[in-house]
Amino acid sequence: MSAPMETQVSPSVLATKSNRPSNLVRFSRQLFKSKTGTIGLFIVLCMVLMAVFAPVLAPHDPAKTNVAKRLLPPVWMEKGTSDYPLGTDNLGRDVLSRIIYGSQVSLLVGICAVVVAGFIGIILGLVSGYYTGWLDSVIMRTTDAFLAIPNILFMLVILAVMGPSLLTLIFVLGVTNWTTYARIVRSEVLSIKERDFVRAARAVGAKNFRIIFTHILPNVISSFIVISTLSVATTIILEASLSFLGLGIQPPTVSWGGMLSDGRQYLATSWWVATFPGIAITITVLGIIFLGDFLRDILDPRMKAKGGK
Amino acid sequence: MKKFLIRSLLQIIPVLFLISLIVFVLVHVTGDPVTLMLSDTATDEDRAILIKALGLDQPLYVQYFKFLGHLVQGDFGNSFRYQEPALPIVLERLPASFELAISSMVVATLIAIPLGILSATKRNSFLDVFVTGGAVLGKAMPSFWLGIMLILLFAVHWGVFPVSGQGTFAHLVLPAITLGTGVAAEMTRLIRSSMLEILQQDYIRTARSKGLLERIVIYKHAFQNSLVPVITIMALQTSHLIGGTLITETVFSWPGMGNLLIQAVNQRDMAIVQAAVFVVSILVILSNLLADLAYRVLDPRIKYN
C-alpha cells in the first residue's frame, strides 16, 4: 500500500533502502518462519508440479481400462501389486495415475474461475465504490440478490440451461463467486478515494478512468490476492462437488469429484477407489488454506484481527 | 420494532424482483426452452407451434412481465416429469430438508460451543492447537467425501447405521454429522475468536477481580456476549447450509428438496428448478432477516432505526 509514497522518496531514504533486503528475501524469511505457511507453499508447489508433469509422473495411462485387473487393492494389502500402488478402479484403471491427472482439472478450474470472478468483482467494486450514487445502488442490490441465492443453486440453474462442460463450469463458478470481491473492493475504494494521493491526482486533472486504474487499483490488489487464494480452495471443493453430482467435468476427462462418484458404487468391496481422491482434495485444499492464511497475515494484517472475514 | 420489521420486509421486494430477473435471463435468454422441451424427432413446424404456444415470439419484456405475473401467483408451470404444478412438488419435499438442516445445526452447535470455549480459555494449549487444526481440516474436507467415508465405516464396515434413506433416528445420524461437521468447523473458529476478543475486555477483568468464580465469568459474562456476532454470522451461513443439504441428500438418498433439484437439473425440468430457486431464496432472505432481529434482541445497544 506504500507504492504511491515511494515516488517521492528523498536520496537519503534511497540509500538506506538499498541496504535493506529485497522484497522477495523478506517474504521468504517470513514464510520460513511460519510453519503452516511453509507447509502450504510446499503442498501447493507439489500440486502444481504434479499437474504440469502429469504425463511424466503417472505410471499408467489414466484412461486405459484393463478388465483383467479391475478393483485391485493398494500395494500394502493382500493381492495388491506395486504396479498399481493405490489399486485400480472398476474398469481396471490405475487410481494413482488418475489422481495425478485429476490435479490438472482441479487447479485449472480453480484458478480460471477465480480469475473470472475476480475480474468481474474488481471492476464492479471499483465502479461502485468510486462513483457511488445510483450506479452503486444498482450494483449493490444486484450483489444482494446474488448473495440470496446459494451459489450451488445458481450453478445448478446455469448448468441445467447450458449443459455441463469444462468451459461452462469455469463460467458458472466465475459468475457466481464475484460478489465477495465486489463487496470488499468497494469498501476499500470508499476509503482509498478519500486519501490525499487520490485528491492530488484529481487536483492535477487526472481523468476518472486514470485515477481508478492507476491510483486506486494497485491499492486493492493485496486484498484481492488474499481473498482469491482462499477462494481457489472453495472453488476446488465446488468443482469436485459438481463433478460428483455428474454436472461438472464429464468423462473421459479425469476429475477427483468424478472418481469419488464412481468409487461410491464399489464402497462395499473396494474402499480405495473413493477414499484416495478425497484425500487428494483435502490435502490440496488444506495447502491452499495454509498459504492463503499466511498471505493474509503478511499482506493484510488488519484482516487477521477480524478473523479473516 | 414494528417499523423495522415493515421496512425489512419491504426491502425484500426489490431483491426478489432482481432474483426473478436473473432467473428469467438465465432460463429464457441464455437457454433455449423450446429445444429442451421438444423431442429429437420434432419438425420445424412443431417448433414454430410450440414457440407460439409458449409466447416466445413476443418481445422479451412482454415475456418477462407474463413470467412475473405467473410467479406472483406461485405458478411456475408444470413439471414435465411429474405432469403437475411445480411449486407443490417442491414444497412437499421441504420438511425432509428442514429435518436434515436443523439436526445438522444441532450437531454443529453441540460440537462447536464446548470446543470453541475451551480452546479460547486454554489458548495455545495442546487442546487449542488440536481444535483449531480440526476446524481447518473440517473446512478443507469436501462434505460429500466425509459422507462417503462415514458410510464406509459406520454402515458398510461396522453396520451400525443404515446406508441411506429416511425414517428412523438412525437414518438421520450420518447425514446430520456429514452436514454438521463443516458448519461446526466454521462455528468453532468464530466462537473461539469472539471469546478471545471478549476475554480481553475490561468488564471481564472487573468480574474476575470481584472474585467471581471463573466458571461464571466464562459462561455468564463472556460466552453470552460472544454469541452476538456468532448468531449473525451463522444465519448468514444458511445459504451455505442449504448448498450443503443438496449434496448431502444426494449422498444419502435423502428424500428432500436437494435430491429433487439435482434430478430436475439432470432432466432439465426447468419448472421444478425455478420453483426450487425461489423457495430457497426466500428462505435465505428470511433467515437473514431473523438473524438481524436476533442480533437486535441479543444486543440492546443496537437501535431499530
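Cβ atoms are placed via backbone N, Cα and C, with glycine included.
Note that this is a predicted model, so its numbers are computed, not measured.
Annotated in TrEMBL:
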- B:94-291: domain 'ABC transmembrane type-1' (DOMAIN)
- B:12-31: transmembrane segment (TRANSMEM)
- B:100-121: transmembrane segment (TRANSMEM)
- B:142-161: transmembrane segment (TRANSMEM)
- B:167-185: transmembrane segment (TRANSMEM)
- B:227-252: transmembrane segment (TRANSMEM)
- B:272-295: transmembrane segment (TRANSMEM)
Long-range environment of the transmembrane segment (B:142-161) - Cβ separation under 8 angstroms, sequence gap at least 6: 170-171, 173-175, 177-179, 181-182, 244, 247-248, 250-252
Cβ contacts the transmembrane segment (B:272-295)/the transmembrane segment (B:100-121), at least three under 8 Å, sequence gap 6 or more: no
For the transmembrane segment (B:227-252), distant same-chain residues with Cβ under 8 A (at least six beyond the ends): 97, 100-101, 104-105, 143-144, 147-148, 151, 163-165, 174-175, 178-179, 182-183, 186-187, 190-191, 194, 258-259, 261-262, 280, 283-284, 287-288, 290-292, 294-295, 298-299
